[in-house]
Amino acid sequence: MADKKFFDLLQVYRGIAALLVVIHHTYTSFSYFKGLNFPPLEFIASIGKYGVDFFFVLSGFIIAFTTFRFRDNPNFLKKYTFNRIIRIYIPYLPISIGMLILYAIIPGFSDSNRSISLLTSLTLIPNGNPALSVAWTLVFEMFFYLVYGLNFFSKKLWYGFLTLWICSIIGVNIFDVDAKGAFANLVFNMYNLEFIFGVFVAYVVKSQIIVKRNYSLLFACLSFLVFLMIKILELKTFRFSTNLLFAFSMGWFVYLAVKYWNVKMGNRSIAMLIGNSSYSLYLLHNPIQSFMVKLLPDLKQQYLILLEFTLVVIVCCIVSYLYYLVFEKKVLNKIKLKFEPVFIEK
């Protein structure tokens, strides 16, 4: 497929997003348990949580871009549903079940008192906290994929719903309407706007709407610089503004990657290896770093603590890549080959 070339740099983007989250969580642990104090890395770690926002933009873009030609095609819905379910759950469930078992054996492993929902942990249905802490984002992913299914029934229905949904999200948050309940919080959450922005970028690309390279780069860099200024100066803005600004900037970088930076990257490059295994890295990094930070010796010198930090990040990447090879490549492909024809033919 000709469009395949577009996804090399997007895979690298996925790796960057995952590494940002890894650095955010790992630095927080090392700062608390080991006394790590390295301001440049601390600043990067403070930005790291926005890797989630980058993931959401990328998810919205990729799902809209790859399924664009199937709009108004209800027959595609079965294949779409099957692929989304196995893509999310096959790598996720072994880790989630492992965390449930771990918390049953060692209740204090997470050093937090958060309650855990068995239903959410196993199904990603919003009903409380999942055992794997980062899985809250997967609840949003699955919800968005579910909603996006409207697109295959009718474009008009999808566009109408999308317009109403955007207005509702903005209205609920501007007027501070109390969206009670886990499901209402999910539906009207501002994070959904980041998925939608990714979809919008995909539609712009597929519709052959051209924004000149220099203007695109200007919008991307300028919005990112404003984001950095807000973070550095600790400026007070409206709630979620930094998330949306970061997502807006990343959306432009996605557009640049697809329209102007069509580079083919070697599959064995470190950037591509991390990008390809980014989902596994996102799922596994927190249990790994939580375990290692307790296992590693307490050191006094900051440079040695920094070396420990680096070691943990590297181990997270290596273990996650091995997990990716098993569950995202081997197991996922076997399940797809065996069950996809049966599921879709029904």
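Here, residue 1 is simply the first one shown, and the rest follow in order.
Using the three backbone atoms N, Cα and C, a Cβ is placed for every residue, glycine included.
Copied from TrEMBL, the annotated features are:
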type: TRANSMEM; residues: 12-30; note: transmembrane segment
type: DOMAIN; residues: 12-324; note: domain 'Acyltransferase 3'
type: TRANSMEM; residues: 50-68; note: transmembrane segment
type: TRANSMEM; residues: 89-110; note: transmembrane segment
type: TRANSMEM; residues: 130-150; note: transmembrane segment
type: TRANSMEM; residues: 157-175; note: transmembrane segment
type: TRANSMEM; residues: 181-205; note: transmembrane segment
type: TRANSMEM; residues: 217-234; note: transmembrane segment
type: TRANSMEM; residues: 240-258; note: transmembrane segment
type: TRANSMEM; residues: 270-288; note: transmembrane segment
type: TRANSMEM; residues: 303-326; note: transmembrane segment
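Sequence-distant contacts of the transmembrane segment (89-110), counting only residues of its own chain at least 6 positions beyond either end whose CB sits under 8 Å from a CB of the stretch, comprise 116, 118, 121-122, 124, 130-133, 135, 138, 279-280, 283-284, 287, 290, 323-324, 327-328, 331-332, 335. Residues 6, 9-10, 13, 50, 53-54, 56-58, 61, 65, 173, 190-191, 193-194, 197-198, 200-201, 204-205, 211, 213, 216-217, 219-221, 223-224, 226-227, 230-231 of the same chain lie 6+ residues outside the transmembrane segment (240-258) yet bring a C-beta within less than 8 angstroms of a C-beta in it. Mean pLDDT for the domain 'Acyltransferase 3' (12-324) in the predicted structure: 95.
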